[in-house]
Structure formats: structure tokens, C-alpha cells
């Protein structure tokens, strides 16, 4: 089978960029033809990612190619063999690879700056080059078996705990504000979160199989250095969400304090920050929640599963209690289920579409970052069915409670539905006696715990992992989590939550960017590479490495990413008040689908027209064989 070439240059053997390993033996692959033959000598043989005890036992194993590269599957008697296109820059020596980084380091060596930088550096594998120190640390490495402690019930508890948060309640209830009836809103939630679960499992599979986080996963589709931009995008979203969830948590703390001390009210305490958009009472409550969350960021990811177990029992119980309380105050469920929606005809149809898309947009960050948690799965299947069913059920139950409670507010107090459940609790607090005040305190305490768990799981860990990838020499997940908390404090999140309309507009806007990223990653793994990733090369900054592409940036991935954004640009202008064609507005109503599908289709098309290396012609996942991976050049 003759070698093929891509635009990047002639093919080379993987042994050309894998480090040499001493050996006195030689072996020949069983495939016929001169280009299918590989002789391993003292200076050529390398240690494969798959150990010799691999379950593939046939001495003659199939070859797989994708455009400019051919891959020989590993077996017990035949080492894996492949070749990839050599970029023009592949002629650079190992010293040349680090020349830019070493030049910079040489300028600051033996200075006070270098001394303090060395003190700030995090733990990393010895023997790494300067370039590799920009790609690798303990929190970015494939999770070793000892830390793979998440079983299926841990994922169930994680999503049950995460589903009971105020934001989910607010998004579902805002559909009623838009004119839907309670059952129409609930149907939108079921559909939206079922679709979200499928997206989550599609990205989580990569992390569960290869035990790598999102920043490393994105390197195969965006390039070793090109992945930094998608990672920054997701980190920014996580930081913003951290601030939003912390502000909502601060509202819970406000209710806890007011249930004990009724004078803790904005109209009773002087506002010393009138120009800020908030007041002293609410900001102080927010700051108390923010400060109280800081100790929880300290714990490593594989140990925080116990927090979600506690939250999974306590918080849903409080949510159901609130649900029953609202039904009793509304004097039964009859008046609630008979309240009609105000939208009809095509307006009803498009409002339901918007409701579905707002549910998916609520999950945009979690869709992209699920590998950050799925990589801790004991087995890949532990992160599949547990997430696929728990997500729609858990979030639908929470949304149902939010919808019914919001609807009941029109019966209890009259007027428009109170879409924020914390506002409804405050109304109960104003009118009730000591018994009702105690009930508000207990429910507010549960919601405070809910916000804490959600912020740690969905935002702090995610942002911390991303920031680790942005500066792995000096940041780990813990440090990144604290930076995320500082950004969440500085961003003034109360401005995003002034009305349900501005909040959902913000969600839709940022989901456009994340949907394009998800589309490229999913298309790369499932359609282009067919499940095959060479994990060690995801940490290689050598120009000849298969994921380096041109200057470390994958132009196909970026072209698809931009295409997914452009399809929604005109519609977004309409969402913020500009006059745009009706068709563009309808496309924007489907913003996550539009961005995801366009990005995925464009990426696959470009990879067919201009093939990429390190692929397989058939489905081939080799992550089960990963144990303790050393990425230093020259290490086995």
C-alpha cells in the first residue's frame, strides 16, 4: 500500500519523533509491501502507549489510514506502527523546538524574577522540555487508575445534586413569563435536557475512555497551541457562571439572615453603594456566600464526590417541601394546572423552541466540560447510562417544581407569576409568623448548599482545569478555582439577573461560541478520528507530532469554529434590538443546534478534502490500556 501525502509534507515513521529505547531485537510487521514494513533497531524502537500485554492477540493486525497517515494496530507480538505527514518545520532539532522558550528563560535566569517564578511553579513530571512545561502538569495528565474513583452512582448523585439549583428553577419558570402553560413549559424542559444529556455523553465519552480533561481533548481538533482559545472561551463562561451562581447563593444567605433577624432589609439599612446597581444588604449577603465558598475550592476533584452525595439527599428534600408548601398555600393543584398559556399559533411554536433552546443553553458549559469529570470514571460505561438518564429526569423534576411554584404564585398573591423562587420565599417571609420563618430558613439553607455544590462542580473545577491549561507551569485546578472566584466577584453578576429576558439573552449569546467548539470536538472524535487518540502526542510540542499541525494551530478546526459562529451573528444582532430579517431571527432561535451542526459539517468536509494524520479507518478506542503515562521525551 503506497504512502499518501498531505499538504503538510512527506510521511515519516512515528519512531522519528518518539524517543529511542535501547533494544537489541528487531521485528518486522506482517503486512506485505515495503512501505508496510517497519524494522525496529537500537535507535528506532520506541515504547508504545499500549503495553505488550494488550488484549489484541493476533500477530497480523489491521492497518488503518486517514488521509496522509497509516496506523498499525497494536498486538501482543507486533508493536503499533504508524506514520504521519511531516510538516515543513519537522526538520527542526529538539533544541530548535524550545529555542523561543529557552531564549525567554535565559533572559530571566539567575534573577529575582526567576527565583519567585520557581517558587510559584506547581509540581510536574521531571525531564520535561520548556515547551512541554507549557502543556503538562499533574492536573492535565491522564488520570491514573488510583484516582479513577467515580462509579455510576457517583455520577447519578452528581447530577441529582447539580439539578437542584436556583438557576434551573429560574430558566424553566421564565418560560411561563413568555406565555407558555405549565405543561408546555415542562415538555420543553424534558426535550431540552434529554438533548443536552446526549451532548454531554458524547463529549464525556472522550474523557471517560482516555481519562483526559477538556483542555487536552481539544488539542486534537484545534491544535496543541490552538486549543488555548477554546479553553479560554470556556474558562470565561465558567467564571461568569460562577459569579451568577454566587449572586443567587447570596440571595439565599440574605433569606437565611432575614429569617432570623427581620431588620436585615435593604429598606431598613443604609445603602453605602448606591451607584453599584445593588445595595449594602444584598452585596454583604453575596460576599458572605462568596467567602464561605472559598474553603470548598481547596479539595481535589476526585474527593469532592462526597459533597454531592450529601447535597443529593438534603437539597431535593427541601425542594419537594417547598413544592408542597406552595400547593397548600394555593389550596390544591386544581387552579395551577388549569391556568392557560397566553401564546397561540406560530408564536406558541417558536416560544416552545426558545424554551427548548434555553434549556440546552443552560447546559452549554457542562456539555463542553464533561470530560473534566468523566475522566475520573472507573470504567467508560460508568459515565454513559448514569448521565444519559439522570440528567433529563433530575432537571425535569427540578423544573417541574419551579414551574408549579411559579404558577402557584399567581393564585396566592395575584398578578404575574413570580419567576424567582427566592422572591416567593421572601413574600412568605413577609406575611408569615415564626413557623413560616423557620420554614424559609431551612429551605434557604438547602438552596445555599445547592448553590455551593453547583458552583464547585460546574464552574470552579471547570475554570480551574481550563486555567491550568492556559498556564500549566504555575496554575493547578486549585489556584485556577480561586482565580475564578475572584473574577466572579469582580464581574458584578447582579446586572445579569435584573430580568429573566436579559438573563436568557445572555445565555443564548454565549452558547453560540460553545456550540461551535462542541461541534468541532465531537466531529473530530467520532467522524474523523473514529475514536482513536494518541495520548502521549497530545502533550508533544514537536513540529512533527500529529496534533501540532501548522505552528501548533489546526486551521480546519478554526475554520469550522468561525463558520458555526457566523451562522448566528445576524440573529444575535436582532436579539439585542437591531432590525434583522425574519429568517435570521428564526435561525438564532435554534442557535445551539445551528452552531453545532454547521461547525461539525464544515469540519468533517475540510478533513475529507484535506486529510489529517493520526486517524483510523474503523472505530478504534485504545484508552482502556492507559495506565501511568510519562510524556517526557526519552521516557518509556
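Including glycine, each Cβ sits where the backbone N, Cα and C put it.
Not measured: the values here are computed from a predicted model.
Per TrEMBL, the feature compositional bias 'Basic and acidic residues' maps to 37-46.
TrEMBL lists 51-60 with the feature compositional bias 'Low complexity'.
Among the features that TrEMBL reports, region 'Disordered' is placed at 1-73.
The annotation transmembrane segment is assigned in TrEMBL to 180-200 (among others).
Among the features that TrEMBL reports, transmembrane segment is placed at 239-261 (among others).
Annotated transmembrane segment per TrEMBL: 281-301 (among others), in sequence order.
Among the features that TrEMBL reports, transmembrane segment is placed at 308-328 (among others).
Proximity of distant same-chain residues to the transmembrane segment (348-368), defined by a Cβ-Cβ separation under 8 Å and at least 6 residues beyond the stretch ends, is recorded for 167-168, 171-172, 174-175, 178-180, 184-185, 187-189, 191-193, 195-196, 199-200, 203, 214, 234, 237-238, 241, 341, 395, 399, 458-459, 462, 504, 507-508, 510-511, 514-515, 517-518, 521, 586, 589-593. What TrEMBL lists as transmembrane segment is 348-368 (among others).
According to TrEMBL, the transmembrane segment annotation covers 389-418 (among others). Sequence-distant contacts of the transmembrane segment (389-418), counting only residues of its own chain at least 6 positions beyond either end whose CB sits under 8 Å from a CB of the stretch, comprise 155-156, 159-160, 162-165, 168-173, 175-177, 182, 185-186, 189-190, 193-194, 196-197, 200, 316, 319-320, 322-323, 326-327, 329-331, 333, 335-336, 339, 359, 424, 427.
Summarising the annotation, TrEMBL assigns transmembrane segment to 438-458 (among others). Tertiary neighbourhood of the transmembrane segment (438-458): same-chain residues 158, 161-162, 164-167, 238, 241-242, 245-246, 248-249, 252-253, 255-256, 259-260, 289, 292-293, 296-297, 304, 307-308, 310-311, 314-315, 317-319, 321-322, 325, 365-366, 369, 373, 422, 425, 428-429, 432, selected by CB-CB distance under 8 Å and a gap of 6+ residues from either end.
Annotation comment: TrEMBL describes 479-497 (among others) as transmembrane segment. Distant neighbours of the transmembrane segment (479-497): 122, 235, 238-240, 242-244, 246-248, 276-278, 282, 286-287, 290, 293-294, 297, 459-461, 463-468, 503, 506; these residues of the same chain sit at least 6 beyond its ends, with a Cβ under 8 Å from one of its Cβ atoms.
Outside the transmembrane segment (509-528) by six or more residues, the chain places 66, 199, 202-203, 205-206, 217-218, 220-222, 230, 233-234, 237, 240, 360-361, 364-365, 367-368, 557, 560-565, 568, 572, 575, 591-601, 603-604, 607, 612, 615 with a CB less than 8 A from a CB of the stretch. As annotated by TrEMBL, transmembrane segment applies to 509-528 (among others).
Here TrEMBL flags 558-580 (among others) as transmembrane segment.
Positions annotated as transmembrane segment by TrEMBL: 586-606 (among others).
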Can you work out which residues elsewhere in the same chain, 6+ from the ends of the transmembrane segment (239-261), have a Cβ less than 8 Å from its Cβ atoms?
165-167, 170, 281-283, 285-290, 292-293, 365, 422, 425-426, 429, 437-438, 440-441, 444-445, 447-448, 451-452, 454-455, 458-460, 463, 484-485, 487-489, 491-494, 496-497, 510
For the transmembrane segment (180-200), sequence-distant contacts whose Cβ falls under 8 Å of one of its Cβ atoms, 6 or more beyond its ends:
172-173, 336-337, 339-341, 343, 348, 351-352, 355-360, 362-363, 366-367, 370, 387-389, 391-392, 395-396, 399-400, 403-404, 407, 518, 522, 596
Counting only residues 6 or more past its boundaries, what in the same chain has a CB within less than 8 Å of a CB in the transmembrane segment (281-301)?
246-247, 249-254, 257, 264-266, 269, 271, 273, 307, 372-373, 376, 448, 451-452, 455-456, 460-461, 464, 477-478, 481-482, 485, 488-489, 494
